[in-house]
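Visitor: Just lifted these from TrEMBL, have a look:
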TRANSMEM  39-58  transmembrane segment
TRANSMEM  64-83  transmembrane segment
TRANSMEM  112-132  transmembrane segment
TRANSMEM  152-170  transmembrane segment
TRANSMEM  177-201  transmembrane segment
TRANSMEM  225-246  transmembrane segment
TRANSMEM  266-286  transmembrane segment
TRANSMEM  319-337  transmembrane segment
TRANSMEM  358-379  transmembrane segment
TRANSMEM  385-409  transmembrane segment
TRANSMEM  421-440  transmembrane segment
Amino acid sequence: MSVTAPTQTLPIGKEPPHVKAGMALDEWKAAIKFDSTDWGWVIMSIGMAIGAGIVFLPVKVGVLGLWVFLASAVIGYPAMYLFQRLFINTLSSSPKCQDYAGVISGYLGNKWGALLGVLYFIMLVIWVFVYSTAINNDSASFLHSFGITEGLLSENPLYGLALVCALVAIASRGEKILFKVSTGLVLIKLCTVALLGVMMIEKWDVANVGAIPETGAGLKDAIELLPFTLTSILFIQSLSPMVISYRSKEKSIEVARFKAMRAMKIAFGILFVTVFFYAISFTLAMSHEQAVKAAEENISALAMVAQGMDGTTLKLMSLMLNIFSVMTAFFGVYLGFRDSCQGLAMLALKKVMPEDKINKDLVTKGIILFAILMAWGAIVLNLPVLSFTSVCSPIFGLIGCLIPAYLVYQVPSLHKYKGASLYLIIATGILLCVSPFVAFS
């Protein structure tokens, strides 16, 4: 008499991913095979992260001190990984995934969707301001440093308009074209980040380490620096268009989630190792006085150091990193900005006319024109980009940390994401929300 072994039943939520997706193992492996689209989103995520965050971080660290940066990094980097993971999980689990406002509407209703859609839009607007102003000022600074121009082209409004038009034209060409353009730029700047970090070793000065600050002052400065630490490798702005793209291409939500999560993990790992070393190395090579001067002139650390360099090679590397960083970050922000505008525009238009009567092509062209005028306006006003990071941090805290955490508690299907890591995400969200008040107090 044969005895049948008891079937082991896994707890709900612990099933292998292919079981959750309702696929055989071979089907799952074929569905999640790494392809050019996956590589494209890894590239876009890295390109998004190595932007204003990395080029302006040494300036802020130089002003506040290296010990403060290390304290904020211990909090910021693990929390950033966790809240980006949660952000992907909450977005990918949505029944409908066409834009951020629509996802929130599906979970919490149209009023919440509109409110948080506007907040998400404001966050992206701020970063459009940051990157358009940075590329205008820094490209002009480099051209002047190399002796190509007698004065600063950034003082001419038409120069800024031409730059913005060129960037928006490239960013509007579609994902495949954008992936191709960004791949070379991102690989060059990633290698440049690593090489610059190594080359800066010979310029290290122990005096730049500074004294360990008092506990109270150090904690205040660490909270103020937290948004800058996060944005040095943050790419939450590209996660929404990435998840939406995967959901539109994949029939299975589990496949879309897996691919988005894999792209995020690969990008995060590469960024953490490369950028953290670069930030430490560059900070040790730049004095407090240089950092203060860069902050006053509203330029990045790279542009600041290039002014005092004799080596053409180092100046060229700094140029490539700075300009390519801001360009590819602008591309990543523009994708999110476009989707956000599209979602808000459709929500507004559907209130006054049937959806099938909306001219989507006209909406797209309107978004392009709006983006150009808005970015150009920021350039003409020469808005202080370092202040934007602090001002933007409460929106990061809400959208990246507190809202996903709230969804986990409110939506039964998301209860599985509760745990100790959620408390760290909530704590980080609160710190990001209070950071501007600390910075401007």
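Including glycine, each Cβ sits where the backbone N, Cα and C put it.
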Visitor: Considering only Cβ pairs under 8 Å, which range in 64-83, 177-201, 225-246, 266-286 makes the most contacts with the transmembrane segment (421-440)?
Guide: 64-83
Visitor: Could you tell me whether the transmembrane segment (358-379) and the transmembrane segment (39-58) have 3+ CB pairs under 8 A, leaving out pairs under 6 positions apart?
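Guide: No, the transmembrane segment (39-58) does not contact the transmembrane segment (358-379).
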Visitor: Between the transmembrane segment (358-379) and the transmembrane segment (112-132), are there three or more CB pairs that fall under 8 A, provided the residues in each pair are separated by 6 or more in sequence?
Guide: yes
Visitor: Under 8 angstroms, Cβ to Cβ: which one of 152-170, 177-201, 266-286 has the largest number of such pairs with the transmembrane segment (319-337)?
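Guide: Top-ranked stretch among 152-170, 177-201, 266-286: 177-201.
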Visitor: Please figure out which one of 64-83, 177-201, 266-286 racks up the most CB pairs under 8 Å against the transmembrane segment (225-246).
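Guide: Maximum Cβ contact count belongs to 64-83.
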Visitor: Considering only Cβ pairs under 8 Å, which range in 177-201, 266-286, 358-379 makes the most contacts with the transmembrane segment (152-170)?
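Guide: Most Cβ pairs under 8 Å with the transmembrane segment (152-170) come from 358-379.
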Visitor: Considering only Cβ pairs under 8 Å, which range in 177-201, 266-286, 358-379 makes the most contacts with the transmembrane segment (64-83)?
Guide: 266-286
